[in-house]
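Enquirer: One structure follows; several queries about it will come next.
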Amino acid sequence: MNVDEVRKTLQRFGWADYLVFTLMLASCAVIGIHFALKMRRKSKKTCNIKDAEDDYLVGGRKMKLFPITMSLISSFISGITLLGTTTDVYLYGTQYMYTIGSLLIMGLIMYSIFLPVFHELKLISTYEYLEARFDKRTRFLGSTLFIFGSMAWLPIVIYVPAIAFNQATGINIHQITPLVCLVCIFYTCVGGLKAVVWTDVVQTIIMLGAMTLVLVKGTIEIGGPGVVFRKALESGRIEPPNFTLDLTERYTAYSLFIGGIAHWLKSNAINQNMIQRYLALPTLKMARTAVWTFITGIIIFLLICGYCGLLIYATYSECDPLQTKLTQHKDQLLPLLVMDTLGDFPGLPGLFVAGVFSAALSSLSTGLNSMSAVILEDFFKSWVTTPLTATQTAYIMRSVVVIFGAICVALVFVVEKLGTVLQLSITLSSVSNGPLLGIFTAGVMLPWVEELGILFGGITSLIFMVWLCVNAKLNEAKGIKIDIRKPSSVAGCNYTFSDFTALSLVADNSTEIVKEVSPSGFHIYNISFLYYTMLGALITITIASIASFCLGFNKVEHVEPKLLSPFVRRWLDRRNERKHAFHLSKNTKLRSGKVQMKQSETKA
């Protein structure tokens, strides 16, 4: 058989698979309707607009720890993680998995610096903080960056499960994405945060079940975990941390740790999508517990995805499906493995595709609900002069979900042209989230930074990040910067194929991409994409500090203490105590001196 015939034989999505997939969508819609009816009954009992907003956007701030934790995990583990991480490990080895260390450090920073501030302020939109700490212009900048960052990220989230569905069924991705997203927009629109959270619970269970099923069945098919790890070691996919100082290396210990901390912080500590869930918990203690349970869940999923990447290589070590074009997209490797190992079991491929779509729907619903909160709080309420009625508020919140959901579906046409999803997601999100991380970090940690300084720093960083990321993608498209992938082979293929000129064959029938060097030498836009967020944050903080020095630093005592992290509050308290002790000592010495002078005058 040729490669096209093999591909068609693997597209065995039967009626049982469609049934499982349809039941997943139907359960999400039912949950949305359930919470919509509950909110309707509650709204009839009370006419309080504030309560209605809190119920829709933050679940009335009375959510339980278990569903919120599951929602945090589900929102974060999109199809980008499930498919993108497995593809990355297949192509470049396990180096990326060392980012787990930076994830733990992020948890400590989130726990002690950011979360106490946001939870104490009882916010709905995280960007309300920016107006309280700086001014309305900074809040508008932060909200705008969030909207653009979400609109760059959410189409990728939608695209990923669509290519999995395409690999399993052969149905065009632009036929399935509108249908599935319509269900997501529906339950997010009518049910609010509670519907989003409880559908996330269902979707997390489906995701975990689907990935575990693939892991177990695939390992049995290949001959056990010993075979998986042996082949991974032989191909160099399992390796110690890379301590090279080359900034252009895709992954090094430094980019994964230093850049990784910034990447995880922007995704969790300042992201409206995530913070909105922490704020739905009634106490700071519960929110802090949610941080660590969330991190535990993320580590479990990352380890599963990393192992599945090695499993894919062990399965196709003698016949690389990328070189033979058995998969049309790099991120279809995991769906290929699923159809190859589970295709003969009715309903199981459907369960996997439902799991990947569950991850996507969770992230999409989270993003749409968060944008609804930001548009309402930071745009409408900040700029309208008369208070909004309950009807106007409800209309705005739900219209935002529908409009931005439709835009995200349309942007899938753009995303499919831009490359592998893990790198693409981190690169595009860093454009807005790098400056945002710098703005929030300066806000909670540097009380002397003032309004115009942070505004100038954020805008400068944004311009730089756009220039950096555009040039990086252009270099990638031109082939000036190509990351080295691990070797693979086509020596054992039992089907015919052609058109693999993009890879160079070497003597032992393995394939290796040769890294090209830019003819004009090192350029900053050739650095690893993991540094992007950190670089954007550092530029914001540096420029803001310099501008604040030129314009005149904030008077630290004028900054409201609750707008600063507990660490900075304690530092300011000690500083004030020292100043008080100094003035007290000075006054004591002055009084002592005056007494001595009077005694001398009396003697004279």
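Each Cβ is built from the backbone N, Cα and C atoms, and glycine gets one as well.
According to TrEMBL:
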TRANSMEM  18-37  transmembrane segment
TRANSMEM  65-84  transmembrane segment
TRANSMEM  96-119  transmembrane segment
TRANSMEM  140-165  transmembrane segment
TRANSMEM  171-190  transmembrane segment
TRANSMEM  197-216  transmembrane segment
TRANSMEM  251-269  transmembrane segment
TRANSMEM  290-316  transmembrane segment
TRANSMEM  395-415  transmembrane segment
TRANSMEM  421-440  transmembrane segment
TRANSMEM  452-470  transmembrane segment
TRANSMEM  529-553  transmembrane segment
Enquirer: Could you tell me whether the transmembrane segment (96-119) and the transmembrane segment (197-216) have 3+ CB pairs under 8 A, leaving out pairs under 6 positions apart?
Expert: no
Enquirer: With a cut-off of 8 Å between Cβ atoms, can you find at least three pairs linking the transmembrane segment (290-316) to the transmembrane segment (65-84)? Only pairs 6 or more residues apart in sequence count.
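Expert: Since 3 or more Cβ pairs under 8 Å link them, the transmembrane segment (290-316) and the transmembrane segment (65-84) do come into contact.
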Enquirer: When you scan the chain for residues with a C-beta under 8 Å from the transmembrane segment (529-553), skipping those not six or more beyond its ends, what do you find?
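Expert: Hits for the transmembrane segment (529-553): 247, 250-251, 255-256, 258-263, 265-266, 423, 426-427, 429-431, 433-435, 437-439, 441-442, 446, 448-450, 452-454, 456-458, 460-462, 464-465, 468-469, 472.
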Enquirer: By a Cβ-Cβ criterion of under 8 Å, what residues six or more beyond either terminus of the transmembrane segment (452-470) are in contact with it?
Expert: 134, 137-138, 141-142, 145, 427-428, 430-432, 434-436, 438-439, 442-443, 524-525, 532, 535-537, 539-548, 551
Enquirer: By Cβ distance under 8 Å, which residues at least 6 away from the ends of the transmembrane segment (251-269) in the same chain are close to it?
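Expert: Contacts of the transmembrane segment (251-269) (Cβ under 8 Å, skipping residues fewer than 6 from its ends): 76, 92, 95-96, 98-99, 101-103, 105-106, 109-110, 113-115, 241-245, 275, 294, 426, 429-430, 433-434, 436-437, 440, 528, 530-534, 537.
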